[in-house]
Amino acid sequence: MLLVLVVLIPVLVSSGGPDGHYEMLGTCRMVCDPYPARGPGAGARSDGGDALSEQSGAPPPSTLVQGPQGKPGRTGKPGPPGPPGDRGPPGPVGPPGEKGEPGKPGPPGLPGSGGSGAISTATYTTVPRVAFYAGLKNPHEGYEVLKFDDVVTNLGNNYDAASGKFTCNIPGTYFFTYHVLMRGGDGTSMWADLCKNGQVRASAIAQDADQNYDYASNSVILHLDAGDEVFIKLDGGKAHGGNSNKYSTFSGFIIYSD
């Protein structure tokens, strides 16, 4: 069928005569004359030919018309994860955390190697230095406070030789001891009491039986508060004074402070 059309089209065009509106352009292309014929003759053909020539020299009109801009499309799906980035710099130090719970007790430690048992010098410096020792020079009798006026030691200056009393300045536990020589020869006895604030805390007795002299002695450990007084008082009899021989003595010292 295509072969028949190719053969017939040139025959029809050539038989149309001078009034025909078809020409063969090339071998197979056919262009219609858009202008009507003006009349017979060469003039009409010439005008149509000029118009056809002008029409064929211009570019064909575009059949594409630009429409309005469309709406934005839908958001696409997320792409695949990218590769890991470079390691960033260290961040600032955070605030301190809350205090944790106490941990479990640890296992017992290994036995120590042991030492010589010597007391460190720090122990000596922490104990207050309070101590005194005094002897009785002059004889006493009756119910007097014995005034041991021959003072040998008085660390801390807590003992007063004029009154025969020890006054506590540092509360703590103290040790006191006394020895009083009785002056006899008349068959009497002697009692010597250690008193704290006037109350008897220890007593001693010496009796004149077959000899003229005898000793009364005792010792105590007392807790003292600041201002407490400790002294030795006769409760009858005679106490012998030894000049500088210290036959009768009174002493004491602090064991430890409060």
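Along the chain as shown, the residues are counted starting at 1.
Including glycine, each Cβ sits where the backbone N, Cα and C put it.
Look at Swiss-Prot and you will find 67-77 tagged as compositional bias 'Low complexity'. Feature annotation from Swiss-Prot assigns compositional bias 'Pro residues' to 78-95. The feature domain 'Collagen-like' is assigned by Swiss-Prot to 67-115. The feature domain 'C1q' is assigned by Swiss-Prot to 125-258. Under the heading region 'Disordered', Swiss-Prot lists 39-120. Taken from Swiss-Prot, the feature signal peptide covers 1-16.
With DSSP states grouped into helix (H, G, I), strand (E, B) and coil, the domain 'C1q' (125-258) comes out at 2 helix, 77 strand, 55 coil. Mapped onto DSSP helix, strand and coil, the compositional bias 'Pro residues' (78-95) counts 0 helix, 0 strand, 18 coil. A mean pLDDT of 85 is what the model gives for the domain 'Collagen-like' (67-115). Secondary structure counts, DSSP: the compositional bias 'Low complexity' (67-77) has 0 helix, 0 strand, 11 coil.
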